[in-house]
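Here is what TrEMBL says about this protein:
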type	residues	note
ACT_SITE	LYS116	active site, N6-AMP-lysine intermediate
BINDING	ASP32, VAL33, GLU34, TYR35, ASP36, SER82, LEU83, GLU114, ARG137, GLU174, LYS291, LYS315	NAD(+) binding site
BINDING	CYS411, CYS414, CYS435	Zn(2+) binding site
DOMAIN	3-451	domain 'NAD-dependent DNA ligase N-terminal'
DOMAIN	449-468	domain 'Helix-hairpin-helix DNA-binding motif class 1'
DOMAIN	483-502	domain 'Helix-hairpin-helix DNA-binding motif class 1'
DOMAIN	515-534	domain 'Helix-hairpin-helix DNA-binding motif class 1'
DOMAIN	547-566	domain 'Helix-hairpin-helix DNA-binding motif class 1'
Amino acid sequence: MESVQKTITYLKTLLRNYQYQYYVINEPGIPDVEYDRLMETLRQLEIENPNLLTQDSPTQCVGGSSISSIFKPVHHKIPMLSLDTVSDESSYLVFHQRLKKRLNISKGITLCCELKLDGLAVSLLYINGRLVRASTRGDGLVGEDITANVRTISIVPEYLTGNKIPDYLEVRGEVFMSHAGFKKINQTAYREGHKIFSNPRNAASGSLRNLDPCITAKRPLTFICYGLGFFKGRSMPRSHIACLQYFKAWGLPVNDNTRLCYSSGEVIKFYHNAEMKRPFFGFDIDGVVIKVDDLELQKKIGSSSRAPRWAVAFKFAAQEAITKLNNVEFRVGRTGVITPVAQLSPIRIAGVLISRATLHNVHEINRLGLKIGNNVVIRRAGDVIPQIISVAKPDVDSNIIVKNITIPKQCPGCGSKIRFISGELALRCTGGLSCAAQRKSVIRHFTSRKALNINGMGKAIINQLVDKGYINNPADLFMLTIDQLISLERVGQKSAQNIIDALIISKKTTFARFIYALGISKIGLVAAENLASHFVTLNFLLAADLNALSSVYGIGQTAASYLKEFLDDANNREVIRMLVVEVGIYW
Ligand code: IVH
C-alpha cells in the first residue's frame, strides 16, 4: 500500500510538472502519448485505490493551472470542461452503450461527430452581436482575457450578421494554426533569429497568449466554433448541429466535416474516414469528438467536474514515440537537394515499424539541437513521412554519450562541392551533370522536348540505360550502340535504330537549347535564350564572372550564382567538353 501511495504521489508531481510545461510555459516536456500514458496509469491506480484519490489530483482537474498573472482573469459563467477520451473501438463501444443505458433507450441516439482540432479552447462573448470579450479556458472556471489578441484573427467576426442573434451569446471553439501558416512563421522566425516553434499548437498558443497584440496580428491564426456557452435574450435551437448552423449563418466559422451519426457503426466509420483524411486537412487534428446532438438530452446526462458525460474525444492511435537517433545520413535527391535522414533504433508507431525519419534540412538539426545518440520524439501522422519532433528530455537516461552531427562539405553522390541555399534552407550538390544521385533526372531533362528533343528516349529507356550502367551523363547517350539499345526491355531493332537516328539529329541544336539542356537551377528556356544572345559563344559564357553573368538581361543574383557554381564545377565542365568536342554538338 505504501509503495502504491508513493507511486501515486510521484505520478501526481510528474504530471503537474508536465502540465506546467505544456499549459503555462508552452514547452511540452514529453510527447502527448507519454503524458496520456502516465495520466492513465494514475487514473487506474486511483480506481483500484479509491481511498488515495484526492480532489487536487491531475485526473480530477480540467488542465494545468494555466492562469498567468499577466492577463486579466475571466470567470466563465458555465465551466469550460475538458473531454474524456477513448482511443480504440472497444472503449468507444463501452461509451456508446453507457450513453444508451443512461438515457434508458434501446433505439439509436443522434450523435454529432466533429473533428478534434489541436489548438486552444477559446470562448468568445458577443453582446448585441458585437465581440466584447475573448478568453482562454484556463483551469475551466477562470480563464485569461485575450480580447485584444483574438481581435487580430481575421476569421473571427467583430460583428455577427443575420437574424435571431441572442443579446448575450457565448460561443466556444478552437484557435489553431494551419500547417502552411506554421511553416511560414518558422521560416520567418529562423530568418530573423527568433525562437522556432516545435509544432502548430505551440505556435498557436504562444501567438495567442503574446503580450503584444501587434505580434499576434502577424501570426496566421485561425478559429473554428464547436459549441455554445452561456446565452440570453433569445432562444437557441434544441440540437447541437442546429446551433452550429446558426453560428455559420451569423458569420462564425464552423467546420464542414461535421456529420450526424445514428449508430456506433456510423461513428466508427466517421472516425476511420477522418483518420484517413487526416494528412490532407492542412491542420492538425488528434481525433474526433462525438457529442449527443439533442441539447435537452445533454442536460439530462450531465457532466462531472472535469468533463461532460454526453461527449467523448475518440483519439487517433498514438502517433508519437521515443527512440534513439543512431546516425544521420545525407541523401541526394533527384534535383540535387541534399536532405539529412535520421537513422533510428526501430520502433513501432500505430502498427508501423519506423527506422528512419526525415529532417527536412540542415537547419532542422540545429533547431532541434540534435546529436547522434540522443533519444528523440518521433511523430508519424497518417501517410506523412515520420518526423523528429524534439529531443526527449533525458529524465532517466541522462548519462547517454552523444556526438555532434557533421554536415558534409562534398556531395555524397559525386564528391562535388555542396552549396547552402539560404532561401530554401537547403544543401544542394553543384555537380549536376555527373552526380550519380541526379543521373536519371539530369538525362531526362537533357533529352526532353524543349532541350535536345531526342525522340523515342523516354523515361523507361533512360532508367534502364542508367541501371545497366550504359550511361552516366548526357554525353554517354551519344556513345550508345544498337546492341546496347536492343538489350533493353521492349526495344526492338527498329526502335533502336530510330533512337540512334534521333541522337544524330539532336546534335544540331541552338545555343539556347544547349544551355537549357544542362539543367542548371533557375535557368529556364527564357533565361537560356538571354544568355545565348548575350554571350553568343560557349567560350564567352564559360569565361564570364559573376558580375558578367548577373548583368545579363533577366538573370538575377541567385540565378547568376547557381550558374557560376555549375560552370565552375570540374565534373560539369568535363561533361560540357565531351558534348562539344567529342560528341560534336553544334549550333
Ligand atoms: S467540445 C464540453 N469539440 O478538445 C465539451 N472540443 O480535450 C468541450 N477540442 O478543451 C469541448 N476540437 O479545446 C469540443 N470539436 C470539438 C473540439 C474540441 C477540439 C478541444 C477543446 C477541448 C479539448 C478537450
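Cβ coordinates come from backbone N, Cα and C, glycine included.
Of the candidate ranges 3-451, 483-502, 547-566, 547-566 contributes the most Cβ pairs within a distance under 8 Å of the domain 'Helix-hairpin-helix DNA-binding motif class 1' (515-534).
Among the recorded positions listed (ASP32, LEU83, LYS116, CYS411), LEU83, LYS116 have a CB atom closer than 6 Å to some atom of ligand 1, in sequence order. Taking the Cα atom of each, LYS116 (active site, N6-AMP-lysine intermediate) and CYS414 (Zn(2+) binding site) are about 47 angstrom apart. Predicted-model confidence for the domain 'Helix-hairpin-helix DNA-binding motif class 1' (547-566) is 92, expressed as mean pLDDT. Long-range neighbours of the domain 'Helix-hairpin-helix DNA-binding motif class 1' (547-566) within the same chain, counting only residues 6 or more positions beyond its ends whose Cβ lies under 8 Å from a Cβ of the stretch, are 417, 419, 423, 430, 432, 518, 520-523, 526-527, 530-531, 534-535, 572.
The distance from the Cα of LYS291 (NAD(+) binding site) to the Cα of CYS411 (Zn(2+) binding site) comes to 55 Å. Once Cβ contacts within 10 Å are tallied over all protein chains shown, the binding-site residues LEU83, CYS414 are led by CYS414.
Using the Cβ center of CYS411, CYS414, CYS435 for Zn(2+), the list of other same-chain residues with Cβ within 8 Å runs, in sequence order, VAL332, GLY336, PRO412, GLY413, GLY415, SER416, CYS429, GLY431, SER434, ALA436, ALA437, GLN438, ASN571.
When the binding-site residues CYS411, CYS414, CYS435 are compared by Cα distance to ASP32 (NAD(+) binding site), the shortest distance belongs to CYS411.
Distance between Cα atoms for ASP36 (NAD(+) binding site) and CYS414 (Zn(2+) binding site): 47 Å, as a whole number.
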